[in-house]
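J.: The structure follows.
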Amino acid sequence: FWIQNGHGQFGGGILVSNSVGPVLMYNYITNNTAFKPEGSTTGGYGGGIDCRYNSYAEVMNNTITGNFAEAAGGGVHVGPGSSCLIQNNRIIGNRTIGEAGGGIYCFDNTTAWIINNEIIDNIAETACGGGIWLWHSPEGVVEGNFIIGNVSIPTMPGGSDGRGGGIGMLRASTLIRNNLICGNKATQGGGIWIQYEGSSKVVNNTIVGNTADLEGAGIEVAYDVCSPIINNIVANNGPGGGIYVKPSGPCPSEPNLIANDVWNNEDGNYLGDINDPTGTGGNISADPCFINAGYWDANSTPEDPNDDYWVQGDYHIGYLSPCRDSGSSDSAETDIDSDPRPHFATFDIGAYELQIYDLAANGSVDFADLLLLAEYWLEEGPSLPADLDNNNIVDFRDFALLASDWRE
């Protein structure tokens, strides 16, 4: 079905209220508006879909694009006491100018399972959570999503909003796992923002190319946050640094950092009220060796960063990546591609688990890899780049392993 050009106080396109069981599938939901009527103190939630008042709905395989919410949840709003499975959707180019959530907004004892979606180019204007905003969500999961190019814009320069370009969380305990979070913008927390008593677990994400006007281009935690941050790649983020812990007086944040690769972030890898943990707890700082890293294009106006746009890359890692076999066992059973973990000796860092013997890091096993194998042929010693079976010699067993992945 095409659901378009609708207007409503709650749910511009679709409203699910006091209802358990609706399944919304294979719809194209576009150009709908949730508004606050003149003189009313409420309304404007869920430009595309609003699920509220102790409801449960499944939202799957839809395209939700170009919708607008005056209050919150440009694409989807999950409201008081409700639960929602949001899976395999394309949530693109939605907008809000109110509280939060350009793409998705979950608020007030809600549980959302946000799985395998494309959440791209959504805007929280004068609000927080460009892609996703979770407020008082005690459970749920954000897993396997492509969260790209979302923006959270403050009311005024230096304002308290504009937090969480990709994902923002306030008093949430959500599992954030196996996501690609890149090219998002915010004032604080370009990739991820975690605030106030948060115990969300952040595991096996690839967080790259995000920017923040103030701090925390990759991840920012603030005010009594003790979230485990495990097996993530936080690299090549722009102004604001890699991981920022906001100094917060009597309520300090103490995130538990384990086996992360935090590398090459502008302004520094670790900033604020945190010591650099590189070399402890399995944390490293090294080039993750992406197949093809994305970048910000200046759009022929290098003097004006406001019109820059993100060019997406390929964030699979190569065989020689330091992230291969360097992760903690506290990981998912599969990666963002649904490939099994671990594939080699142990778990990889980041959203992608390496599946092939790609020595040249060009995305396939081909003659470039064979040439590298030949370069080390019959050499002996530890940690040889072409020693695929880790027996301290490059020989026919390594050739057989390479051949098993040929042209994969």
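Just so it is clear, glycine is given a Cβ too, placed from its N, Cα and C backbone atoms.
Feature table excerpt (TrEMBL):
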- 9-146: domain 'Right handed beta helix' (DOMAIN)
- 163-267: domain 'Right handed beta helix' (DOMAIN)
J.: Report the DSSP secondary-structure composition of the domain 'Right handed beta helix' (163-267) as helix, strand and coil residue counts.
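T.: Reading the DSSP string over the domain 'Right handed beta helix' (163-267) gives 0 helix, 50 strand, 55 coil.
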J.: If you average per-residue pLDDT over the domain 'Right handed beta helix' (9-146), what number do you get?
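T.: Mean model confidence (pLDDT) across the domain 'Right handed beta helix' (9-146) is 96.
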J.: Counting each residue once, how many in the domain 'Right handed beta helix' (9-146) are helix, strand and coil under DSSP?
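T.: Summed over the domain 'Right handed beta helix' (9-146), the classes give 0 helix, 70 strand, 68 coil.
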